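Peer 1: Marked as disulfide bond by TrEMBL: 111-120, 149-158, 188-197. The domain 'EGF-like' annotation in TrEMBL covers 83-121, 123-159, 161-198.
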């Protein structure tokens, strides 16, 4: 019989005459004093002692038997305190990034173009690296960047030329070669660079001859002139340059000649 509470009516059968079984009556009593003190078995609680007690420290779990901690969906660990579905519960990735759960409350964000950071919270100016070639203008946008190409060029980075070798695009004696995939490229002579060999290279502009009586000259096609002067005016193994006899030290692969003033 369950414990009854204060002011509860109870009834029971009484038999005033033991030899007359058919004569029965119902007697009612009222509990006027006292109260119930819940004393459930260990591991249970509640008004009727039918609620199991979870494992101590269990956060996101339930029990069917005492001291259990059965984790709810998306939670794990001994105390069901590890968020296994962090992406859904917290949505940490920003700016349209893709979130991937890696377990035990961890995650990674795959950032779209133009963003970086642990949560893709930092916007990147992709034009800072000057990706547009051949004079193209770079426009930064949410999905990366876009190049606006000058006339005669096309491609994502304006790297392709719409011209052909028939247009004679190479300067300073450069040799034009048609590209089977479209456009062309120029093979420049020594001392010139650029897509159309339009840039002249001056290796002496950086003052490579830093010490001693050294004189730097970019010779390239003028080497024959120095040799001719040497044969006429200077002693053996010397070169003549503006009335100075110079000792030839070496000429490197880029055509840079090092001379010592005598």
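Cβ coordinates come from backbone N, Cα and C, glycine included.
TrEMBL annotations: computationally assigned, not manually curated.
Locate each feature and note its surroundings.
Peer 2: Around residue 120 (disulfide bond), taking its Cβ as the centre, 21 other Cβ atoms fall within 10 Å, counting all chains.
For residue 158 (disulfide bond), other Cβ atoms within 10 Å of its Cβ number 21.
Around the Cβ of residue 197 (disulfide bond), a 10 Å sphere holds 21 further Cβ atoms from the protein chains shown. Classification of residue 197 (disulfide bond) by DSSP places it in coil, neither helical nor stranded.
Helix, strand and coil counts under DSSP for the domain 'EGF-like' (83-121) come to 5 helix, 14 strand, 20 coil.
Residues 95, 112-116, 195 of the same chain sit 6 or more residues outside the domain 'EGF-like' (123-159) yet have a Cβ under 8 Å from a Cβ within it.
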Peer 1: How about long-range neighbours of the domain 'EGF-like' (83-121): same chain, 6 or more residues beyond its ends, C-beta under 8 Å?
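Peer 2: For the domain 'EGF-like' (83-121), the list is 73-77, 140-145.
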Peer 1: Could you count the residues of the domain 'EGF-like' (123-159) that DSSP puts in helix, in strand and in coil?
Peer 2: 4 helix, 13 strand, 20 coil
Peer 1: For residue 188 (disulfide bond), what is the secondary structure state per DSSP, taken as helix, strand or coil?
Peer 2: coil
